[in-house]
Structure formats: C-alpha cells, structure tokens
C-alpha cells in the first residue's frame, strides 16, 4: 500500500515529562507497551517515513530514530536536529508523543493546508504549536533562535509565515501532561 502522505512524520519523544512525573513516551497505551509504540504504529501506514525524535533509544521496539545530542530540552533544539537529519524532504509533519487521539483526517487537513506556508499548525481553544507541518525554510530562523538562546516555539511561529487551522474537537487534541489527562485519554480510546 502506498502511503497517503508524501512527507515524513516526526514524533517528538524527548521532553522532560516533569508534570507527569515519569517518561510519557514509555507509558502503556491502548494495546501497545508504550505511547511511543502506539503513535509509531498508528501513524506509520500513512507516511512515507516515520521517525522518533529523542535524546536516546529507550524503546522496546524497532524504530527510525533522530537522536538529539544536546542536553537542552527544547522543541527548538528538536526542530534544528530534525531539519539537519531529514535531508530528503522540504517539509515534515510534526506531532508530540503525548497527543495520541489526533485523527488521520485532521492530519490530512493540516497537510493539505500547508502549501505556501512555513508552518501550519492546529488550533482548538489554544494553538497546538507542535502539531502540524513544518517547512525546512525555517532553518535560518531556528538557528538564529538557538544562537540567541531563545527556545519559545511561539516566537518561531510569529517569525515565519504561519497558518493556523481551526478544529472543534478539544478531546482529539488532548495533551497527556498530567496523570488525569492520561486516564481521560485511556477512557476515550477504550
């Protein structure tokens, strides 16, 4: 079967998980041993290639990894690493490991609306800065931000040509930051 999307998908798995108090990417989810494995297997059939962006290989399954050498925990560091290591593509779909309920139809909508934009991200009640399509044209801005020790993703979105795509289903974009979010997502998925 030919993948539906002709760009790679990158799943960000390198966060600190400080509010969850344990590594979110390793939490069991649905019928999988980890949230990372769930996201990877769920999204893999739809994308030309799929990668996990992380600090180290902590997973119990085979996956394409984009390892970050930096000790700094920052989505800007992650983006710089992704841009530098995915040479065959002009853009990529980015999603965090802790947003397992985002529908394929919503991903398709983001990809379809990304033409002529540097970044195209989802919005419900708030903007989901790390769920969308990122063009490699942002490389210069990302590198400049790193030089200035600026790590706010919202600054990046304000600095490039960004499109915000509105979605109505808040539960679909639930972010598993706290144990109660995790429990809610498990109840929705079951």
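Even glycines carry a Cβ here, placed using N, Cα and C.
From a predicted model like this one, the values you see are computed outputs, not experimental measurements.
Taken from TrEMBL, the feature domain 'MobA-like NTP transferase' covers 9-146.
Positions annotated as GTP binding site by TrEMBL: 12, 13, 14, 24, 98. For the recorded site, residue 98 (GTP binding site), the DSSP three-state label reads coil. Every protein chain shown contributes to the tally, and the Cβ of residue 98 (GTP binding site) ends up with 26 other Cβ atoms within 10 Å.
Annotated Mg(2+) binding site per TrEMBL: 98, in sequence order.
Residue counts for the domain 'MobA-like NTP transferase' (9-146) by DSSP state, with H, G and I taken as helix and E and B as strand, are 46 helix, 35 strand, 57 coil. In the structure as shown, the Cβ atom of residue 12 (GTP binding site) sits within 10 Å of 25 other Cβ atoms. Within the same chain, residues at least six positions away from residue 13 (GTP binding site) with a Cβ under 8 Å of its Cβ are 25, 36, 52, 53, 54, 97.
The predicted model assigns the domain 'MobA-like NTP transferase' (9-146) a mean pLDDT of 93. Here the binding residues for GTP are 12, 13, 14, 24, 98. Their largest Cα to Cα distance works out to 11 Å.
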